[in-house]
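J.: Sharing a structure below in C-alpha cells format, with a few things to ask.
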Amino acid sequence: MIVGILKEIKSEENRVSMTPSGVEVMTANGHTLLVEQTAGVGSGFSDAMYVDAGAEIVATPAEVFERSDMVMHVKEPQPSEYAMVKKDQIVFTYMHFAADEGLTRDFLKTDSVAIAYETIEDTSGSLPLLTPMSEVAGRMSVQEAAKYLERVHGGRGILLGGVTGVPPATVVVIGGGIVGTNAAQMACGLGAKVYLLDMNLDRLRHLGEVMPKNCFPMMSSPSTVRELIREADVVVGAVLIPGAKAPKLITREMLGTMKPGAVIVDVAIDQGGCFETSKPTTHGNPIYEVDGIIHYCVANMPGAVPITSTIALTNATLPYAVEIANKGWKRACKENEGIKLGLNMAQGKITYKGVSDAFGLEYTPADTLL
Ligand SMILES: NC(=O)c1ccc[n+]([C@@H]2O[C@H](COP(=O)([O-])OP(=O)(O)OC[C@H]3O[C@@H](n4cnc5c(N)ncnc54)[C@H](O)[C@@H]3O)[C@@H](O)[C@H]2O)c1
C-alpha cells in the first residue's frame with residue numbers, strides 16, 4: 001500500500017503521525033511511505049531522517065493525497081484538505097466527528113474511509129490511542145501547576161515539594177483515571193501531599209495499592225471536594241464521564257474558600273471543563289485569574305511537548321497502521337473488532353453510532369459494508 005504522512009496544518013500543532021522508526025517498520029512490511037516535506041520538523045525529525053528510514057519526501061499535501069491509498073494525520077483534516085481526499089482513500093487520524101457537525105457532514109461527502117484514532121478499542125474495552133495523550137496531559141498538568149504557583153506568575157509562591165523543615169504543597173486531583181493517576185504520580189514524585197479522588201471504589205482500592213505513600217486516594221463527593229480545596233495549593237480536574245460533558249465540581253462561589261494564588265488546572269476542558277469558571281485557553285496565553293485563583297485550561301496540552309507526544313502517539317498507532325496497510329480496511333475490520341470500532345465512515349455512510357446519533361444522521365452498521 002502507498003501510505004502518506006501529512007504535515008499538520010492546525011494551529012499550534014507540531015506533532016506528526018509517524019516517526020522515522022515507524023516508517024522503517026512500515027517499509028519492512030512492504031509499503032511505500034510518502035512523507036510531506038518538513039512534516040516531522042516540529043517533533044525533531046528532519047526530512048533526511050525519513051529518507052534514511054526508507055520514505056520518499058513529497059513537496060505538497062496535494063501530491064500526498066493524490067498518490068496515497070491511506071493518509072495519516074494527527075488532527076482532523078482541515079477544510080482546505082477536504083477537496084484533496086480521494087474516494088475510498090483511507091484517512092487514519094483523530095477525527096472527533098461527534099464534536100463537529102460541519103466536519104461530519106463535509107467529510108461524509110468525500111466518500112473516503114475514515115478510521116478515527118479515538119474510537120478504536122482494545123480487548124479490555126479501553127481506548128489505546130487516547131491513553132498516551134492522557135498520560136502526557138496528566139504529567140504535564142503538575143509541571144504547569146508548579147510553574148504557575150511561582151510568585152512571578154501570580155501564584156502563591158510555594159514549592160511543590162517543600163524543603164527540609166518546610167511542609168510541601170497540597171495537590172488535589174479530581175478523577176483517578178489515566179490523567180489523574182499520571183498527575184498524582186508526578187506530584188508525589190516531587191514530594192507534594194496528594195489527594196486523589198474518584199467515584200469508583202474498585203479503582204480507589206487499586207490506587208491505594210499502587211500509589212506512593214504521599215498519595216491519599218479518596219471517594220469523591222461534593223462535600224469532600226468542598227473540604228479539600230480549602231487546603232489545596234493545586235487542584236487538577238481530570239474527570240471523564242464517557243459521552244457526556246464534564247460535571248462542574250467547583251463553582252465560582254467555592255473559589256472564595258480557596259487560598260489566594262492557588263492554581264487550578266482543568267485538564268477536562270476539552271469536554272467542557274469541570275470547574276464553573278473554566279474557559280479554554282491556548283499555549284500562547286495559557287492562564288487567567290478569577291477571584292485570585294490562577295486557571296490553566298489549555299485544551300491541547302500534549303501539543304506543547306511534541307517530541308514526547310509524537311513518540312507516545314505513534315508507539316500506539318503504529319501496530320494499527322501496519323495492520324490496516326497489510327490487510328486493507330475491510331479485512332482489518334473483519335479480523336479486528338477494535339479497528340472495526342474505529343471505522344467512523346465508509347462509502348458515504350456513517351458507521352459509528354455515536355456520530356450518527358450526535359446529529360440525527362443515518363447510521364449504517366459497519367458489518368453491512370464489509
Ligand atoms: N486538555 C488536554 O490536553 C487533555 C488531554 C488528554 C485528556 N484530556 C481530558 O482529560 C479528562 C480525563 O481523561 P482520562 O483519560 O483520565 O479519563 P479516564 O476515563 O481514564 O478517567 C476519568 C476518571 O474520572 C472519574 N470520575 C468521573 N466523575 C468523577 C467525579 N465526579 N469525581 C471524581 N472522579 C470522577 C472516573 O471514575 C474515571 O476514573 C477527559 O476529559 C479527557 O478528554 C484532556
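Just so you know, glycine gets a Cβ as well, placed from its N, Cα and C.
Sequence annotations record features per position, and here TrEMBL assigns domain 'Alanine dehydrogenase/pyridine nucleotide transhydrogenase N-terminal' to 4-137. The substrate binding site annotation in TrEMBL covers Arg15, Lys75. Annotation source TrEMBL lists active site, proton donor/acceptor at His96, Asp270. Feature annotation from TrEMBL assigns NAD(+) binding site to Ser134, Asp198, Arg203, Ser220, Val239, Leu240, Val267, Ala268, Ile269, Asp270, Val298, Ala299, Asn300, Met301. Residues annotated as Mg(2+) binding site in TrEMBL: Glu323.
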J.: Per 10 Å Cβ neighbour count, which of the binding-site residues Val267, Ile269, Val298 ranks highest?
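T.: Within the set of binding-site residues, the most crowded position is Val267.
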J.: Looking at the recorded positions Arg15, Lys75, His96, Glu323, which have a C-beta within less than 6 Å of some atom in ligand 1?
T.: none
J.: So how many of the residues in the domain 'Alanine dehydrogenase/pyridine nucleotide transhydrogenase N-terminal' (4-137) end up helix, strand or coil by DSSP?
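T.: Grouping H, G, I as helix and E, B as strand yields 50 helix, 21 strand, 63 coil.
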J.: Which residues of the same chain, at least 6 positions away in sequence, have a Cβ lying under 8 Å from the Cβ of Lys75 (substrate binding site)?
T.: Glu8, Lys10, Glu13, Thr93, Tyr94
J.: Could you find out if DSSP has Val239 (NAD(+) binding site) as helix, strand or coil?
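T.: SS state of Val239 (NAD(+) binding site) = coil.
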J.: Restricting the comparison to the recorded positions Arg15, His96, Asp270, Glu323, which residue's C-alpha is spatially nearest the C-alpha of Ser134 (NAD(+) binding site)?
T.: Asp270
J.: Hey, which of the recorded positions Asp270, Glu323 is the loneliest by Cβ count within 10 Å?
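T.: If we count Cβ atoms within 10 Å for the recorded positions Asp270, Glu323, the smallest count is at Glu323.
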J.: Which one of the recorded positions (Arg15, His96, Arg203) has its C-beta surrounded by the most other C-beta atoms within 10 angstroms?
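T.: By the 10 Å Cβ neighbour count, Arg15 comes out on top.
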J.: I'm trying to understand the geometry here, so how far is the Cα atom of Ile269 (NAD(+) binding site) from the Cα atom of Arg15 (substrate binding site), in Å to the nearest whole number?
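T.: Cα of Ile269 (NAD(+) binding site) to Cα of Arg15 (substrate binding site) measures 20 Å after rounding.
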J.: Let me check the 10 A CB neighbour count of Ser134 (NAD(+) binding site). How many other CB atoms are there?
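T.: Its Cβ has 22 other Cβ atoms within 10 Å.
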J.: About how far apart, in whole Å, are the alpha carbons (Cα) of Arg15 (substrate binding site) and Asn300 (NAD(+) binding site)?
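T.: Spelling it out, the Cα of Arg15 (substrate binding site) and the Cα of Asn300 (NAD(+) binding site) are 11 Å apart.
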J.: Can you give me the Cα-Cα distance between Val267 (NAD(+) binding site) and the residue listed as 'Mg(2+) binding site' in Å, rounded to a whole number?
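T.: The residue listed as 'Mg(2+) binding site' has its Cα 32 Å from the Cα of Val267 (NAD(+) binding site).
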